[in-house]
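Student: I am attaching a structure below and will ask some questions about it afterwards.
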Amino acid sequence: PARMAAPTREERTACWGARDEFWQCLDSHGDDAAKCEKLRRAFESRCPQQWVKHFDKRRDFLKYKKKLETEGYVPPEAAGKS
Amino acid sequence: LRREKEQRLRQRRLRDLRALALGQADFQLQDTSGTPRSRADLLGRWVLLYFGFTHCPDVCPEELEKLCRAVELLEGVPGLPPVQPLFITVDPARDDAAALGRYLRDFHPRLQGLTGTAEQVRAAAGAFRVYVSAGPPDPDGDYVVDHSVLTFLLGPDGLVRDCYGRSRTAEELAKSVRGHMESYEPLPP
């Protein structure tokens, strides 16, 4: 199968820029993705799919980290599972 | 008396590093011109080594920028020996010599890259206890490789002298490398 070339420096920079614009939009709309659909599509078109998945996970992680820093750790309620 | 104590601590640390034998095993890889390279080729110089892959979304370009920036800072200090920046791929399936060459030339003119067969790369990563795990491919066949994010400092005697994680800045790297260079004593054989 043809080997996919890795994104060039310019392509990386364009992807990161689109990601940052999308994230800034989410920041100013309380994470309401519906308000940022156009930027989401731009982000998805500028970045390889694997990178979109990676950055989505990173955003979730950063939000969780911020939550820990501001609200403190709240242990999950004890469930039946061990 | 304090000097003696520092000296003893340094010697003990070096013996511990040697006992850990990090990166002591030989490796057989090829550089971006296809020339075979082994550990012996690294002896006699200071090396800053990073394991990564060219399809990496953010971490590898950031760590490479940082590594190369540290090399630049050190180049500005008169009297220091040169540092060899080095990249070893953890994704040999896609990162052949040509792909590595294309990727690395964006960073520093002296930055070298090494690749090889899957087995050769596995052995090299193993020698440095670098964790490597390719993720599941998507329908296009693209995938990311999860791996330890570490920059290793190798001394001219080939011993790993230090390793640096994500949180260290280029300035901190340069300062640490300089400290190692200035207090360098080769380990007795």
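Every residue, even glycine, has its Cβ placed from backbone N, Cα and C.
Note that the structure is a prediction, hence the values are computed from the model and not measured.
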Student: Among B:HIS147, B:HIS180, which residue does TrEMBL annotate as binding Cu cation together with B:CYS56, B:CYS60?
Tutor: B:HIS147
Student: Identify, in sequence order, the residues in the chain of B:CYS60 (Cu cation binding site) that are 6 or more apart from it along the sequence and have a CB within less than 8 Å of its CB; answer 'none' if there are none.
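Tutor: B:TYR50, B:GLY52, B:PHE53, B:THR54 - these are the non-local Cβ neighbours of B:CYS60 (Cu cation binding site), listed in sequence order.
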Student: Compute the mean position of the Cβ atoms of B:CYS56, B:CYS60, B:HIS147, which form the recorded Cu cation site, and then list in sequence order the other residues of that chain whose Cβ is within 8 Å of it.
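Tutor: Nearby residues not in the site list: B:PHE51, B:GLY52, B:PHE53, B:VAL59, B:GLU63, B:VAL90, B:VAL144, B:VAL145, B:VAL149.
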